[in-house]
Amino acid sequence: MNSTQYCFSFYSSSDMALAGILTEAEIAAGLQSCQAADSFDYKTFFVKVGLNSKSKDQLTKVFGILDQDRSGFIEEDELKLFLQNFSASARALTDAETKAFLAAGDTDGDGKIGVDGKTDFIKQ
């Protein structure tokens, strides 16, 4: 499998996994709210896609999708590609957006977001 096939396979499986939790309309609304560089606001995005109203179990599933390397944490490089988990054609977050997002979700200062911190963070 080449890298293009891997990326397509990854995004297809992410899209399908998220489809069981979020509607296409919710995802579209979230992505529409942050199309321009430096326009991403995590609180607005979570509301638009409906993550703030999901159960802890559903949020744990979303965390598993976002944790691309299966380390049990979402690190900065995974956050940079956060929007692409919702649509393969979405933009990457800017460095400033990524750092602000990480700072907001990193409850213990270790430079990554754990599943408990992530689910609590979304519900803010």
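Count begins at 1; order follows the chain as displayed.
Every residue gets a Cβ built from N, Cα and C, even glycine.
Positions annotated as domain 'EF-hand' by TrEMBL: 54-89. Summarising the annotation, TrEMBL assigns Ca(2+) binding site to Asp67, Asp69, Ser71, Phe73, Glu78, Asp106, Asp108, Asp110, Lys112.
Over the domain 'EF-hand' (54-89) the predicted model carries a mean pLDDT of 92.
When each of the binding-site residues Asp67, Asp108, Lys112 is scored by how many other Cβ atoms sit within 10 Å of its Cβ, Asp108 comes out lowest. Around the Cβ of Glu78 (Ca(2+) binding site), 19 further Cβ atoms fall within 10 Å across all displayed protein chains.
Sequence-distant neighbours of Ser71 (Ca(2+) binding site) (same chain, six or more apart, CB under 8 Å from its CB) are absent.
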